[in-house]
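First the structure, in the form of structure tokens, and then the observations on it.
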């Protein structure tokens with residue numbers, strides 16, 4: 001085997017060569033070349049002919065244009081020695097590499113910049129903020145062209161940066177967001193290890209201090225004055241107060257409370273979530289004539305506390321609220337919420353039955369006028385004196401037709417007739433005893449032929465069309481003409497009932513079938529009314545137990561077991577004989 005006879009130096013070429021002549025790279029030589037011109041050198045592969053050329057006779061290689069290592073760090077080529085005469089290879093084709101040698105022609109670059117970061121206010125020194133990173137396109141394996149060092153050009157003394165890692169940290173303690181919230185830090189990355197002559201790149205880091213609850217709410221003044229009309233409605237907002245908290249977001253949320261005391265029980269306070277103001281609302285009605293001013297204290301406190309700042313002090317503040325009630329022109333006020341009156345029926349027209357009273361409680365104390373709120377014809381039964389407020393009858397009243405009247409009376413101020421009040425008046429019509437009591441229902445009373453004296457054959461009750469007042473009683477007795485007859489008597493039980501009792505020992509239907517008993521019923525009202533009610537008592541045939549067997553007239557003469565037709569035939573025969 002023929003020994004390989006290639007001889008060349010290791011090939012390097014400088015990037016960014018700016019000379020006027022082609023840059024010499026190296027020389028190819030075969031030991032078969034005796035220097036007589038019989039050997040020809042050829043070059044193929046990356047950049048052959050376009051980037052690199054070779055002298056066919058001497059084997060010298062030159063770069064004919066400027067190269068950029070960051071674009072292409074090396075080129076792979078193939079060389080061959082050929083006999084000039086026979087055109088045959090003298091050696092097998094051999095591959096070699098030309099490396100582009102790096103120079104420091106690229107500055108460090110922050111590919112992710114500019115940066116945005118945040119750190120809580122009041123953080124201690126050395127609190128982590130952000131890590132930045134710069135990239136250098138130069139060869140990190142050759143020299144210091146790609147060794148980057150970080151530094152702060154703008155942003156000191158608030159922040160610091162680690163020169164090797166690019167980690168940014170706080171450099172001052174207790175930085176306050178309320179003093180300064182935004183910081184712009186300029187970071188430099190320099191290659192060549194930061195030495196003189198190195199290339200540098202910069203980026204901006206915008207750092208925001210985030211809020212923590214390090215400030216308590218404070219009232220800007222110790223006393224708040226409010227003026228409230230006495231006519232304000234319950235539940236309405238009558239004023240606003242505000243405590244200032246320089247914190248942000250939920251750390252600035254404030255809760256307001258009324259400190260318990262004499263003046264605050266008429267008011268309530270809530271927080272407006274949008275403005276963080278304390279909205280004072282009315283809980284009970286105001287009256288200028290009763291009380292003209294109120295004073296109470298309001299406390300403002302944070303909802304979300306940070307335990308790290310408890311030592312600063314209580315996160316709350318207190319202010320005094322003074323409310324002056326403004327006098328408003330108000331309608332008259334009736335002395336009662338409702339009036340109830342009574343009048344007897346058939347009272348003469350024009351009789352005064354009562355009066356209503358309304359008063360103007362305002363400072364001017366205007367006179368009051370009264371009138372009935374007409375709604376239907378029923379209201380015309382009464383009149384009212386416009387000045388005195390006395391109510392009188394306008395028509396005759398009948399309790400049995402209408403027992404109660406319900407209407408409204410309006411009072412207005414003479415100084416301002418539009419200001420009116422209304423009150424309800426109920427008039428009960430009292431009964432005058434004009435109807436006598438009567439037996440409540442018609443009774444079918446019977447008595448047995450074999451009845452004994454003192455036997456109760458009927459219990460009766462009475463009814464009165466008059467409105468019976470409490471305690472009214474009815475009394476029962478026989479009429480004067482019946483009291484002398486020994487047939488029946490009336491026993492008054494004194495509970496508005498009476499019993500009809502027998503006075504004889506037995507009754508005969510043949511002698512008398514019907515008895516008519518006049519019963520006198522009397523009420524206890526004034527004037528006393530009474531009536532005579534006649535009761536019909538029928539005599540009946542009963543068994544030994546008192547059970548009624550028959551009360552018919554035809555049964556008086558009937559033998560036992562005869563039919564009706566037979567009885568009629570017998571009666572006809574008797575008539576004919578007579």
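Using N, Cα and C of the backbone, Cβ positions are placed for all residues, glycine too.
All TrEMBL annotations are machine predictions without curation.
These figures come from a predicted structure and were not determined experimentally.
Summarising the annotation, TrEMBL assigns domain 'Cadherin' to 30-110 (among others). In terms of DSSP secondary structure, the domain 'Cadherin' (30-110) contains 0 helix, 36 strand, 45 coil.
Marked as domain 'Cadherin' by TrEMBL: 111-219 (among others). Taken together, the residues in the domain 'Cadherin' (111-219) have a mean pLDDT of 89 on the 0 to 100 scale.
When the domain 'Cadherin' (220-334) is classified with DSSP, helix, strand and coil residues number 10 helix, 53 strand, 52 coil. Here TrEMBL flags 220-334 (among others) as domain 'Cadherin'.
Taken from TrEMBL, the feature domain 'Cadherin' covers 335-439 (among others).
If you look up TrEMBL, you'll see 439-557 (among others) marked as domain 'Cadherin'.
Sequence annotations record features per position, and here TrEMBL assigns transmembrane segment to 556-577.
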